[in-house]
Amino acid sequence: MILSFPQMEKDILKFICANQGAVNTDDLLFNVCYGESSVFSEVIGNKDKFVSWCSQGQPKVVGRTRLQLCRVKNCQGCRGLHLCKHYLFGGSCKFSRRGCTFSHDLNSCQNQNILKEFELEMLERTELCTLLLQSDNTLLPSICYDYNNSQCNEADACKRLHICEKYLKFDCNCFKTHDFSAPQPLKCLQDRHVPEHLMQVLKSVYSNKEALRSSDKMSSGGNIGNRGSRGNRGNRGNRGNRGNRDKTEICMYFIKGHCKHEERCFKAHDKMPYRWQIKQGGQWTAMANNEKIEKDYCDPKNTVSNTDPQVHFDTMTCGSDPVRRISTINSVLEPTFIHTTEWVWYWEDEFGNWREYSTPNARHGSANINSTQLEEKFLNNDKDVVEFTASSQSYSLSFQDWIQTNIKYGTKKLVKRRPRFVSASDVQTQRVRRPQSNFTAVPDYWDKSQILSTGYKRVLLQPSSNEYKEIEKLFCQTLIGFDILKMERIQNKALWEAFQLQKNHMKNNNRGQDVKEKKLFHGTEPKFVDTICATNFDWRLCGVHGTAYGQGSYFARDAKYSHSYTGHSDVRSMFVSRVLVGDFTRGCSEYKRPPSKDGGDLNFYDSCVDDVINPSIFVVFEKHQIYPEYVLQYEEKRSTVSVQNIYGATTTIRPAATPRRVVAPAPVVAPAPTDNQCLLQFITKCLNIVRKKCI
């Protein structure tokens, strides 16, 4: 379903406000926009309602509004919302019987007209409360920045919150306060009549307020440029705004071909994803040699451009005039779109060569952190100090000083951050969407000659390969007395991409933390094998043996358990699958999906198990959490017999098949020989043959 632009804008804002004011970018695409990424990007580009932000490496969209509560008693009319603050917070007002002079009617004609003007009429009171708490700075006390710098002298009398700033961005274990219910923060909040039930959401509210504040700061500040020889701060995202404010971000859609907002667009329109400008006479104007300046700037060894006149990158000046670089949005904030700006991080080695992080060379090992990870951390906190390793050495990188320090020896190296160069011809040829972090790339160990665009291939594995041995070991841990006849890897590109997309989605829901993934067994009858290889597991077709822990697809930790569901043929079939088990809980036969974690309708477990402490059975309700990676064909081991020849040497004889009981025809009265008699007759014949040959 393709939504109209205004409707999608309203749906996105409502979804954000219903989820504590900020939502992962991927979740919005997945839940609201149905994959309509081009329209989605235009919608969240409206800086009056949305801000794209990167929190702990995770791109998010934060909701905002310019609407504020009117603070004037008996106001006769303004563009503010005329509503009692107490009613906004909790749906009631304890002062109403004493003659509260503020309105308690959100649906009054005046308020409805105001809400329609700001396009907020679709929000419930609780959703509107979330939006106003993080947008209207008059509703909550501010964070005390003197306290965070250990300079506040007012102690508990301070009217601002003594809460750790870092705690609002990520988990922190410092000595500062991390609890809004601590005496000083609690008193400040109570003085502003903030009810107790809002305490549990204040961390997200203040985190969102900080994101909005930082975004506005970057919008008004434009490019920071290079400050000294210790590296360049560059363009951190170049947020632009509507109206007469300076446009400091380039519109990606204009580069691509057309922007529906035309002259009303709050972003700069340019055919290149970057533009160098000089300020003369109070006005920013485009510089000549734009691409040449950019190419020089992208090379970290350059401190000036090779143009006439020269641009000094350290001071961002051309002669005595200030210079700036505007560009498209940061690729970390919009990783799936083309024409974004990718930033690369470099360090200077002992010979004056600039090395990109995570790129190995003959003298230095590869760092365990790359440019994308550094950029994410930089956007999250540009005053942070990041620690990483390279080979056997540990280092720290200070964003404030642009210095890398060897923790053991204290040696220091300069650090720089520069954009990845894109030429005009590159822009012309770049017409497809950028793949997101290569999550759809097939595994390196797949046979590239047998990858189909549709359908699947079963690739036979050699018993001598490490891949075969790994699965064989897993199989034989619990299932003894069977021989693997054939092991095949299933190469289904469509199923793999769906699995990786689901994995990425679950990771985003898990605050960027990796999701638990296991290799599990599933026994099935031969008639279902091809269907599973082609379309994945469907419990309605192959989960017919029971639903003790839920109505889903069942997988086992132990091959022995899955064996009992493989039918009764001589040759059995069993799958070894990758399964995203994630967060699990004990299952129930009535479950058609995993239960809620908190009793609500948004936060669910990922799978169900038989035993939370020591799970051996896993039930999955979403088939994209499964990738059927291997299919095994196996049979019961055949018995072997050791006999001695006339010289005393032992010979092991393995019959071609275990003799079956022979049922005599009706006219024959003689009884059928037993299995032991058949085996004895066979051994006797073998011994006679050996004796004849020896004689």
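Just so you know, glycine gets a Cβ as well, placed from its N, Cα and C.
Worth saying up front: this structure is predicted, and the values here are computed from it rather than measured.
Per TrEMBL, domain 'WWE' is recorded for 331-417. Remark: secondary structure over the domain 'WWE' (331-417) totals 10 helix, 33 strand, 44 coil, with classes taken from DSSP.
For the domain 'PARP catalytic' (442-655), the model's average pLDDT works out to 86. Annotation comment: TrEMBL describes 442-655 as domain 'PARP catalytic'.
Annotation source TrEMBL lists region 'Disordered' at 214-243.
Taken from TrEMBL, the feature zinc finger covers 83-107 (among others).
Positions annotated as zinc finger by TrEMBL: 143-165 (among others). Within its own chain, the zinc finger (143-165) is flanked in space by residues 172, 174, 176-178, 180, 182-185, 187-189, 191, 206, 210, which lie at least six positions past its ends and keep a Cβ under 8 Å from the stretch.
Taken from TrEMBL, the feature zinc finger covers 245-272 (among others).
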Non-local residues, at least 6 beyond the ends, that sit with Cβ under 8 Å of the zinc finger (83-107): 69, 73-74, 125, 128-129, 132, 139, 193-195, 197-198
Counts of helix, strand and coil residues, the zinc finger (245-272), according to DSSP: 8 helix, 3 strand, 17 coil
